[in-house]
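Quick look at what Swiss-Prot lists:
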- 63-338: domain 'Protein kinase' (DOMAIN)
- Leu69, Gly70, Ser71, Gly72, Gly73, Phe74, Gly75, Ser76, Val77, Lys90: ATP binding site (BINDING)
- Asp198: active site, proton acceptor (ACT_SITE)
Amino acid sequence: MPSPLSLCRYLPRELSPSVDSRSCSIPLVAPRKAGKLFLGTTPPRAPGLPRRLAWFSIDWEQVCLMHRLGSGGFGSVYKATYHGVPVAIKQVNKCTKDLRASQRSFWAELNIARLRHDNIVRVVAASTRTPEDSNSLGTIIMEFGGNVTLHQVIYGATRSPEPLSCREQLSLGKCLKYSLDVVNGLLFLHSQSILHLDLKPANILISEQDVCKISDFGCSQKLQDLRCRQSPHHIGGTYTHQAPEILKGEIATPKADIYSFGITLWQMTTREVPYSGEPQYVQYAVVAYNLRPSLTGAVFTASLTRKTLQNIIQNCWEARALQRPGAELLQRDLKAFRGALG
């Protein structure tokens, strides 16, 4: 998640992105003064641990949970402080119905653990250490930058005491600004051979500096891992934003994220929901009948310039992945369109 502070300036060097895979037993979360929650203390690191593993840990005494921000199928996210710096902490649940899916989600979140980009949520640290008796596979500490997602801005459902005006917040110029933020993030991810595979407005955070950052990497995959698989592999995600080839169980490519971006851009410009109806019927129609959201609104047809926006979206959600633009070409097209608008 985006952060108004540069964590690098405030956190010790050993707290750079990390994974602590050691087993442990730490106290249950216990209430303390001022209504805050502390995770308690943990046993000291075993003597003789190699120096190269010095950053494979979370300093639990410095973790202060404040309140829950939200929850989903694979876990809960809390606002917290870490060494006094605002962060978000995600705890991945042990899903009793599908433990492997929970495990995949936890480790997938760490695909970006060592990456740095302005439009990507930064992982500060991670650990498989969990409080005793908790239903958690592990903990991930991420940078924090507020409570607002692109979904909330589009549909006007924020936690702010003064609701955002969608029309003020999402003018066409603002849509293009946010779109370029997201595409810049995708371009970086794809250059690192990482696919997000669940890109949608709810997984795009907007910082206090009005910068979009891609978050929630629980469905992400590394390209080399996908290429090594000899049989189709189920990929999680949101059916309304999944490319036809993903719905058919084919191997994912970076073009799957481009398809998801096309749906997201359509949502930004129309402020409508992509589909209605039962999921299985929508999925079938997307694959068999090339079903897509409507592009007949005035926002796409009012002028030749607006037709360009329609073409950009159509190119993103082409049925055949090879016909979709890559992130670099998409970035160029969006910049050209923004320039044409003046």
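From the backbone N, Cα and C atoms, a Cβ is placed for every residue, glycine too.
Features recorded in Swiss-Prot, as mapped to the structure shown.
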residue: Leu69; record: ATP binding site; Cβ contacts under 8 Å, 6 or more apart: Val77, Tyr78, Lys79, Ala88, Asn147
residue: Ser71; record: ATP binding site; Cβ contacts under 8 Å, 6 or more apart: Val77
residue: Gly75; record: ATP binding site; Cβ contacts under 8 Å, 6 or more apart: Lys90, Gln91, Val92, Asn93, Ser105, Ser136
residue: Asp198; record: active site, proton acceptor; Cβ contacts under 8 Å, 6 or more apart: Asp216, Gly218, Cys219, Ser220, Gly236, Gly237, Thr238, His241, Ser260
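Confidence across the domain 'Protein kinase' (63-338), taken as the mean pLDDT and rounded to a whole number, stands at 88.
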